[in-house]
C-alpha cells in the first residue's frame, strides 16, 4: 500500500499532473525485491492546466430523479453513455473503457478520469490488499455495479474483521470513497496518513516452509495491539519478538524491542517494569551510538518519572531528549518533548508556560501529520481551559481530540477524553450529561485493562447517577478523580 501511494504521488505531482486512469490491484506488480510497481498506463493521460480544479470536481449528475444521461467527453475514453432510471433500478450501459468495479461515481456518470478518481480507486486497492476481495465481489452484472457506485454504496470498512484491526486504514479508505470528488484527500495527504501505520515488507531469504514469524513482523503485530489499547496482547507479542531478536546479530533491533516493551508496560501503569526495559534499551543504544534511540528512550523515561510525580527528574530527561532530537532534526521527537515539558509545567501550575509549550508541539504535530500527537495536545489544552473555568473552550478542545482518537482507533485516548468530559460536566452540575460519559469511559478502561481508572469512573458514575442536575456542585468521594493520565 505504501509503495502504491508513493507511485501515485509521483504521477500526481508531475507538472503537469498525470492521471493513471485504471488503478486496481491487477495493475500493480510486486518485484523480486518485494516492492510494488504500478503498471498499465494505457488509460493514463496528462491533465491540462486547470483541468483538475477543486471547483470542477463535483460534476456528479443527480441520479435520484427519473433518469440521468452522461456522455463521456474525454478523447482517451471510448464513447460511453449511461442511462439510469432510478424508479425501476433499470440501467443501460454501452462500451465502458475503464474497469467498472474501481470506477469513481463521477466516472461512472461519464466524466473524464481525474486525480480524485485515482484516489477513489486507491481506496479500493487498500480494500483488495487487506481482504483479498475485488470491489463488489457479490455482483456480476455491469449494470448492478454501476448502480451501486453512483448511489455511493461502498462497504463500511470498520465492519470487516481483517480491516477493523487497523482503524486508521479504515478511516483513510472511507475518505478515499467520499462521494464528492472535492471531499477526497489528495495523494500527499494519503501518503502522509499511511506512513504512521504499522507495516513491514516481506523479508528476503525467508523460506516458504518457515512458519516462525520474524522479530520485525512480531514488532509490527505488537504495534497494532498497542495502538488499539490492547497492551497485554502487545506485551505478549513483544516478548515473542524479543526471543526472536536474541538470535539476531542486529543489536538495534533488540534495543527497539526492549523499548517497545517499556512503552507497553508504561501504558499499563507498571512504571518499574517499564523503567527496567527502557534502561536495557538505553544501554544498547549507547553502546552502538544510536542517537535517535537514546533520545526516544530518554523521552519515555521522562514519562515514567512524570507518572511517578518526580517532576524534577522528568524535566531533566525531557530536556536531555530534546537536546538530542533538535540537532538531528527529528520533528516528532522535538514535539514529544515539548508536549512532555508542557505536562511538567502544567503539573507545577505554570499554566502560561505550559500553554506555550503545548501550542509549539501542536504546530509541529499538525505540520508532520501526526494525529495522535495532535489529539494528545488538544486534550492537555482542554485540561488547561478546564482549570481556568473556561468550560466552553475546554469542551470544544476535548471533542476535537475525541474525533481524532476515534478516527485513528485510540481507545486509551477516547477513554481519557470521555472521563475528562464527564468531570467537566460534573463540576458544572450537569450530572445527567456526565453519567453516560463516565459509563462509556469505564467500559473502555475495562477493555484496555486499566483497573485503576475503571474504579474511578465507577465511583463517580455512582455519584452522578444519584444526583440530579444543579447550578453548582461540590462532590467528594473516596479516591482521586484527577489522577493524571499517563503522559501521552
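Cβ from N, Cα, C; glycine included.
Taken verbatim from TrEMBL:
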- 1-197: domain 'Protein kinase' (DOMAIN)
- 469-488: region 'Disordered' (REGION)
- 215-248: repeat 'TPR' (REPEAT)
- 255-288: repeat 'TPR' (REPEAT)
- 335-368: repeat 'TPR' (REPEAT)
Problem set entry | Residues in the repeat 'TPR' (215-248) grouped by DSSP into helix, strand and remaining coil | 29 helix, 0 strand, 5 coil
Problem set entry | Residues from the same chain, set at least six apart from the ends of the repeat 'TPR' (335-368), whose C-beta lies under 8 A from its own | 192, 299, 302-303, 306, 309, 311, 314-315, 318-319, 321-322, 325, 374, 376-378, 380-381, 383-384, 387-388, 484, 487-488
Seminar exercise, completed: DSSP assigns the residues of the repeat 'TPR' (255-288) as 31 helix, 0 strand, 3 coil
For this session: Give, as a single whole number between 0 and 100, the mean pLDDT over the domain 'Protein kinase' (1-197).
Result: 77
